[in-house]
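Okay, so here's the structure we're looking at.
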Amino acid sequence: MKQFECPKAPLFPPSFSPKHYFIVRRRYINGSAFQQQQIYEEIVRECQELEQGWSSSSSTSASSPLSSSDSGSPQPSDRRQEKREKKMAQNRTAALRYREKKKLNEKKRLDEVAGLTRRNQELKSKARTFVLNIILFKVQEVSNEIAILKKLMVELNIRFE
């Protein structure tokens, strides 16, 4: 087996995730997931990434070769941003559904008002018709009574004369 040397640096550079170290260590201890050669190559590759991470973090701290896509899990700030964006998208969708539902309810209410207004006009028209019929009936009734009374008066006048 080849010997390798990791650069002399503090235990973890700023961009290196301690979780990543324990994942590699667990794989090495279990041994069943990787063979010795694969473990060796992975450790060498990580040491190179660490070297690059230290050299680039000293020159530019904003750009790191060990980004969230390299470490296997996104950075906490990335996760927060993703959650925030997801929540905002859900909120937009919910607001859109709410507005559509509100518009639909408003349309239903307006349709109901229009229907009730139309029904009210029909009922008013019927009521007017009934009132006119009642008035005509009363007029007819009074006319009939007058006619009967005239006949009676005529008969009574004849008898009394």
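Cβ atoms here come from the backbone N, Cα and C positions, even for glycine.
Look at TrEMBL and you will find 55-76 tagged as compositional bias 'Low complexity'.
Taken from TrEMBL, the feature compositional bias 'Basic and acidic residues' applies to 77-88. Residues of the compositional bias 'Basic and acidic residues' (77-88) grouped by DSSP class, helix first, strand second and coil last, total 12 helix, 0 strand, 0 coil.
Annotation comment: TrEMBL describes 81-126 as domain 'BZIP'.
Per TrEMBL, the feature region 'Disordered' maps to 54-102.
Averaged across the domain 'BZIP' (81-126), pLDDT in this predicted model comes to 95.
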